[in-house]
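Copied from Swiss-Prot, the annotated features are:
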| type | residues | note |
| --- | --- | --- |
| BINDING | 12, 13, 14, 15, 16, 17, 103, 104, 105, 106 | CDP binding site |
| BINDING | 39, 41 | Mg(2+) binding site |
| BINDING | 90, 98 | FMN binding site |
């Protein structure tokens, strides 16, 4: 069963583009998307993993030694298919959702810091029905 979360758009740490580029090949292989080089960050104000205990993530292996795996949860943000990614090694708190898509979400959806958005997150096995 999908979960719905609301959160606030926030600026990231400025390294999302670098890491999306590093993981681009494995995101393409395991998720079937060629991601935009960057992430959209959403602060949900609480620990994300409280909500995901009932959801199965897709585990993305690291593209090379020295990097960690990534948990990927499929979802929908304002009508656009996305993935919530939770890197196993990160400087973000558990309250921050990092979102990847094949689109520049800030530009496509005209989002600014402090905008409130709702995101629907699915079990990775249910995503094919969207």
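A Cβ is built for glycine as well, from the same backbone N, Cα and C atoms used for every other residue.
Annotated features, which come from Swiss-Prot, shown on the structure.
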residue : record              : CB count, 10 Å
12      : CDP binding site    : 15
39      : Mg(2+) binding site : 26
41      : Mg(2+) binding site : 20
90      : FMN binding site    : 16
98      : FMN binding site    : 22
103     : CDP binding site    : 17
105     : CDP binding site    : 23
What's the CA to CA span in angstrom from residue 12 (CDP binding site) over to residue 41 (Mg(2+) binding site)?
6
Out of the binding-site residues listed (39, 90, 98), which are within 10 Å of residue 105 (CDP binding site), Cα to Cα?
39
Between C-alpha atoms, which of these binding-site residues comes nearest to residue 41 (Mg(2+) binding site): 90, 98, 103?
98
Provide the three-state secondary structure of residue 105 (CDP binding site) computed with DSSP.
helix
Shortest C-alpha distance to residue 39 (Mg(2+) binding site) - which of the binding-site residues 90, 98, 103:
98
According to DSSP, which of helix, strand or coil covers residue 39 (Mg(2+) binding site)?
coil
